[in-house]
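What follows is one structure encoded as structure tokens, with my remarks underneath.
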Ligand code: SAM
């Protein structure tokens, strides 16, 4: 996968040299291109921002440098088209589902902004001929989009074939489509079996795969009910067996749907 990132702080992306993503880059699975937006300015001060039309506090990023920068990045491979991802708190939520969608793209172009964001005509211009997504990583406001891009690149990068040692761990993750859709993963443990008088749940030492899987699912349902009860409403009733339904009822979340997994 090719990833281009245009930013006034390309140095912010040093973490992409580290760990799983760093290794994926070394192995050629991820091809990351960083660009300094100011390289596309033409004044001595390399200005990228100006006062907002309509007044108000803060500054807005000018359309010209962004337009020239994006045009040049697009020209790097005229036969292909990147999906453009614009981080903004006013965008659609970034979810595991969207991360999976992005992981299937051959090319992503991220445009992290500063100040009050990018002049909206830039998104309108490229949105008329390319896929442009305005995406938020959460209901809070960061000082700039660089951290949001790091979050998205890491979530997408670990889904690329060959990046994780064990591809199955993705399927067991919180939010993974399939059995974990709209569920949080339960607690995990490793050796030693006793630490500061605290025991690992006995079932995990039993070697009984069926019972362990059931216990893990119960814990996922419990944790989701406790930490993210709104997710339970989005569970597909067809994915719930009798045991799931009984537990959800005990937890105070009775399921009304008729269909049931066996
Ligand atoms: N005035 C903007 C608003 O209220 O929507 C906030 C601008 S913020 C200070 C500057 C930049 O940080 C944004 O343009 C975006 O690139 C990034 N940013 C801030 N919060 C974000 C979030 N939750 N998700 C994605 N990007 C975010």
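Keep in mind that glycine also has a Cβ here, set from the backbone N, Cα and C atoms.
The shown structure was predicted, so the numbers you read here are calculated from the model rather than taken from an experiment.
Residues annotated as S-adenosyl-L-methionine binding site in TrEMBL: 137, 138, 139, 140, 141, 142. For 1-232, the entry in TrEMBL reads domain 'tRNA methyltransferase TRMD/TRM10-type'.
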- Item | Residues that sit under 8 angstroms from residue 140 (S-adenosyl-L-methionine binding site) by C-beta distance, when 6+ apart in the chain | 89
- Note on the structure: Of the binding-site residues listed (137, 141, 142), the greatest number of other CB atoms within 10 A surrounds the CB of 137
- Compute the centroid of the Cβ atoms of 137, 138, 139, 140, 141, 142, then list the same-chain residues not in that set whose Cβ lies within 8 Å of it, in sequence order, for the S-adenosyl-L-methionine site. 89, 136, 148
- Neighbourhood of residue 139 (S-adenosyl-L-methionine binding site), C-beta criterion under 8 angstroms, separation at least six: 89
